[in-house]
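Annotated features in Swiss-Prot:
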BINDING   17, 18, 19, 20, 21, 22, 23, 24, 43, 132  ATP binding site
DISULFID  108-204  disulfide bond
ACT_SITE  108  active site, nucleophile
SITE      133  site 'Interaction with tRNA'
ACT_SITE  204  active site, cysteine persulfide intermediate
SITE      348  site 'Interaction with tRNA'
């Protein structure tokens with residue numbers, strides 16, 4: 001179902017979040033073709049005062065302006081750097097201090113793109129906002145549902161699970177019905193400057209720089225020992241914050257006597273002892289979990305969990321739907337999976353689905369081992 005076009009008698013004003021990328025550029029074009037009164041808004045969420053050349057905000061703003069000039073719409077600019085620091089980045093640092101691996105893009109969507117931006121757009125007189133996210137929405141029975149994007153390779157519902165239905169109801173997602181090649185073709189057809197611009201990667205405020213170099217600017221390193229599951233010390237790490245469950249690269253382990261040639265993986269981050277526990281093999285049993293616990297779930301719309309419910313879930317972006325049973329417990333929520341789940345990582349998010357409907361999700365706090373013999 002495509003996002004609704006306005007009736008001829010009611011020209012709705014829509015402000016598109018223009019990132020300087022091809023998806024938001026095409027979103028603006030599509031909305032204009034549907035008859036909306038379209039304007040753009042470029043958000044600056046990070047101050048470029050860290051002495052590096054990595055931040056691309058100036059280039060992105062120039063690209064957004066070029067697109068708006070080409071299609072003949074006004075471009076507003078807004079600085080949400082203070083809100084980003086207070087509501088996203090400080091939480092990001094606290095999570096790393098606690099040894100978890102957070103996903104700031106999820107919090108950015110909830111606090112900045114669908115809160116600060118939405119509020120600002122409404123203040124400017126907009127009826128709706130729009131973004132270039134690959135998701136869809138559906139209005140049914142007095143509520144607005146968040147649906148997966150039709151392109152399974154680009155679906156971004158995982159990152160929008162913490163946005164409430166009321167915010168989704170005020171947002172249009174023009175490219176959610178399209179596949180990426182179609183989006184680029186539309187951009188080429190209209191001669192947009194962003195038509196061949198590559199997709200952004202990594203966390204927005206880090207850009208293309210090395211993550212460990214960035215994190216060291218804000219958090220002191222806390223070196224410790226790297227141990228096997230048997231307790232043998234085989235190396236040293238520069239800080240648990242620089243590692244995540246299932247990580248293979250960058251461990252600096254090699255040439256050990258009596259060890260096989262199988263690669264080493266991070267199995268456990270022992271926060272109490274500041275130790276990194278590693279093991280060999282992509283299918284090491286310690287890498288697999290049967291259940292996870294989250295104390296709080298953000299629902300797009302409230303759901304009934306008076307009894308356990310069969311759903312599907314993702315514990316990382318682009319993962320296939322994993323069948324599970326979700327139940328409410330005294331301390332929060334517990335999801336038990338039908339099949340073993342690899343590298344379930346505290347700090348990351350679990351997102352629940354009912355078919356194509358994204359129901360919501362929360363931060364993973366505990367990953368329960370798959371086998372009872374696993375004494376993590």
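The backbone N, Cα and C atoms fix where each Cβ goes, glycine too.
For the recorded positions 108, 133, 348, a Cα-Cα cutoff of 10 angstroms around residue 23 (ATP binding site) retains 133. Comparing CA positions across the recorded positions 108, 133, 348, the one lying closest to residue 19 (ATP binding site) turns out to be 133. Spanning the listed ATP site, residues 17, 18, 19, 20, 21, 22, 23, 24, 43, 132 have a farthest Cα to Cα distance of 16 Å.
Residue 17 (ATP binding site) falls within a strand segment according to DSSP.
A separation of roughly 11 Å, to the nearest angstrom, links the Cα atoms of residue 21 (ATP binding site) and residue 133 (site 'Interaction with tRNA'). The shortest Cα-Cα distance between residue 133 (site 'Interaction with tRNA') and any of the recorded positions 17, 43, 108, 348 is the one to 17. DSSP classifies residue 43 (ATP binding site) as strand under the three-state reduction.
Residue 17 (ATP binding site) has a Cβ environment of 25 other Cβ atoms inside 10 Å. Distance between Cα atoms for residue 43 (ATP binding site) and residue 108 (disulfide bond): 12 Å, as a whole number.
Counting every protein chain shown, the Cβ of residue 43 (ATP binding site) has 27 other Cβ atoms within 10 Å. Of the listed recorded positions 21, 23, 108, 133, the Cβ environment within 10 Å is emptiest of other Cβ atoms at 21.
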